[in-house]
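Feature annotation from Swiss-Prot assigns site 'Transition state stabilizer' to Arg17, Lys24; the stated evidence is sequence analysis. The annotation site 'Positions MEP for the nucleophilic attack' is assigned in Swiss-Prot to Arg142, Lys198.
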Amino acid sequence: MNPKCSLILLSGGKGERFGANQPKQYLPFQGQPLILHALNSALLIPEINEIIVVCDASYEHIFEGYSVKFAPAGMRRQDSVFSGLHHVTNPWVLVHDGVRPFIYPDEVSELIVIAQQTGAATLVSNVPYTIKQRNPVKTLDRDSLSIVHTPQCIKTEILLEGLELADREQITLVDDTQAAELLGIPVSLVSNKHPQIKITYPEDLTIAHALL
């Protein structure tokens, strides 16, 4: 049986690249704020028994009627995750971006199983494009690369220790499993089985509608 997990749902981003008059995670999508699609899916996952929404207090009303905890958003992603960790009571935690509307229960269950083998795991997909490094220009082997998605599953104490180390060493993390990497803990990669999208630009909403 999989252990119970907490979910940190990150909703503190400003969404400057999107160009809307409000953060993109709160834009209407299929009749409700975008982030609620992820939240409603999370509620269907039996392993999740605690949800912490990290957001600006002015947006807490959007989650009225949901049994969630709130934590204030930080300046950086890792600051927001650290803020959410203060409310986590489970030994395992999932972290998910609020601008990713799709969470699939079967993938999350597999992710939790795999994470227990090493201490950390993330969803990934293959790179379908040719990727070139800049300065100097060099073609990279795309078979050795992966596109990283969320949610990511990490042992709570590992995530906390890694974030504290990053803070001491003044390292900016680009994803949450990097906290495990800093500690020398291997990260397991779990291939996603369903379409994933992160809403970054207006055209991404069109793609998300098509994926429903």
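Backbone N, Cα and C define each Cβ position, glycine as well.
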Set of same-chain residues at least 6 away whose C-beta sits under 8 angstroms from Arg142 (site 'Positions MEP for the nucleophilic attack'): Asn126, Val127, Pro128, Tyr129, Thr130, Ile131
Length of the line joining the Cα atoms of Lys24 (site 'Transition state stabilizer') and Lys198 (site 'Positions MEP for the nucleophilic attack'), in Å: 11
Cβ neighbours of Lys198 (site 'Positions MEP for the nucleophilic attack') where a neighbour is any other Cβ within 10 Å: 16
For Lys24 (site 'Transition state stabilizer'), the three-state class that DSSP assigns: helix
CB contacts for Lys24 (site 'Transition state stabilizer') [other CB atoms within 10 A, all chains]: 25
